[in-house]
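*Asks:* Submitted below is the structure of interest, expressed as structure tokens.
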Amino acid sequence: MAANKQTEILLIGGSAGSISVLLKMLPDLRRDLSFPVVIVLHRKAGNESGLELLLNTHSNLPIMEAYDKINIRPGTVYLAPADYHLLFEDKEQIGLDFSEKVNYSRPSIDVAFQSAARVFKANTAALLLSGANNDGLKGMECIAQYGGMLLLQDPATAEVAFMPKQVLFRMNVQQILQPENMARFMNQLNGN
Amino acid sequence: MIEPDIIKDAEIEVLLKDIADVYDYDFTQYSKASLKRRLNRICIIDKFTSFAELRYRLINDASYLQRFIEEITVNVTEMFRDPLFYKALRTDILPSLGTYPFIRIWIAGCSTGEEAYSIAILLKEIGLYNQALIYATDINPGVLEKAAKGIFAAGPMRQYAENYILSGGSKDLSVYYISQYDHVRFHSDLKSKIIFSTHNLVSDASFNEFQLILCRNVLIYFDKDLQNRVFKLFDDSLQPLGYLALGAKETIRFSHLEHKYRQWNGEKIWKKISWES
Ligand SMILES: C[S@@+](CC[C@H](N)C(=O)[O-])C[C@H]1O[C@@H](n2cnc3c(N)ncnc32)[C@H](O)[C@@H]1O
């Protein structure tokens, strides 16, 4: 890949079975990460702060749920709130959208990934985790079109391998990662 | 959809300027990310193959404008969405308004009316319906027409009934409507105190004073400057000690209103505590 590429955003998408992966990865991310991390998980509307709290107790970096027009900062992890699509207004600002579900999902991984790809172009890195749903595929394709970096949880390690397997069938990913290697890989994307 | 974007960022600016010049609708301060999705969507649905085509149609066919507005605004809504919010209205906020001889409520961006009917049900159940008036407004005349009919798809009713119970309701939601095939029709006495009317938050002025204003999941479609302007409009339209209610992920923090309002118990409800301007 081109040497002038510099990760400006790390997206993580997942559904069934992906929380345990996050709990493995988050504690080992370096504190001076040079880009923001945005996590889009399928989850039930309603009990929102539970997840934020859980991830926070297992994270080296501050984790917060995104609200409308929040300014995003390097070294911080943002969680897409339940029941809203997450979009990027520009490189600094997230917007929320309460429009139709996509792939039966809101937030939809496709919607967030596509929006990020249009803003961050080749400097997008996206990791797709365990999941039972097709949501995420088109988002990964879109990021590939813009020349971004595709990362995938090793299907052999996924609680539900459907989603990562679909990606493997259809596109070339830069890196297939086991949960215990994810943080190390993310850390070396650092521009500092 | 990974169709390459039909419309580029710079073209969006041009289109919005055109619309503002030719018509009385100004979308230039809408959030770009959502707008872009909607514009791409309308190009696909209405089979425009280029930006130029969409632009030509919009400028030269005034009858297309309404459809355009319907498609680029997002009108997804639900009854009793965020049940705990409605519970706060039911147990605290609305009863505290009961001392006013006349309660005026404004629901701005009411879409197809599910919120307005939910509020009407709350008011009935706490015995304040007869002294209340609900102004339910939206930019989109199409959704208001639907709202005034009070007919909704039957599919989501089960979810609404659950939300209603979680919000503190003690009846069966179905006492408020009759089922007809795949839809339900709410009893018309529920809407006898609701006035549905168009009102554009971008360009229309304050039209009354209210004790409660709800504007949920509308401001997310506006950029920060426009949000601040609309907050000012709400402030001008709220009585002292009145309440402003926003959507679950919206806030008046970081806005010009922050210091004049106090948040109510962690809910997205703010009380107007200072009224110098
Ligand atoms: C996502 S819906 C929210 C409906 C409802 N308040 C809720 O939370 O379920 C957004 C609504 O805002 C309306 N809207 C958008 N721009 C507006 C404007 N400038 N003035 C008034 N309403 C507007 C749209 O037409 C749409 O009905």
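Positions of Cβ are set from backbone N, Cα and C atoms, glycine also.
Residues annotated as domain 'CheB-type methylesterase' in TrEMBL: A:3-183. The annotation active site is assigned in TrEMBL to A:Ser15, A:His42, A:Asp135.
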*Asks:* Taking only the Cα atoms, work out how far A:His42 (active site) lies from A:Ser15 (active site), in Å, as a whole number.
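*Replies:* Given the Cα positions, A:His42 (active site) is 5 Å from A:Ser15 (active site).
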*Asks:* Please work out the mean pLDDT for the residues of the domain 'CheB-type methylesterase' (A:3-183).
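*Replies:* When the pLDDT values over the domain 'CheB-type methylesterase' (A:3-183) are averaged, the result is 93.
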*Asks:* Round to the nearest Å and give the CA-to-CA distance linking A:Ser15 (active site) with A:Asp135 (active site).
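*Replies:* Per the Cα atoms, A:Ser15 (active site) and A:Asp135 (active site) stand 9 Å apart.
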*Asks:* Return the count of C-beta atoms lying within 10 angstroms of the C-beta of A:Asp135 (active site), excluding that atom itself.
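*Replies:* 27, counting other Cβ atoms within 10 Å of A:Asp135 (active site).
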*Asks:* Including all protein chains displayed, how many Cβ atoms other than that of A:His42 (active site) lie within 10 Å of its Cβ?
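*Replies:* A count of 23.
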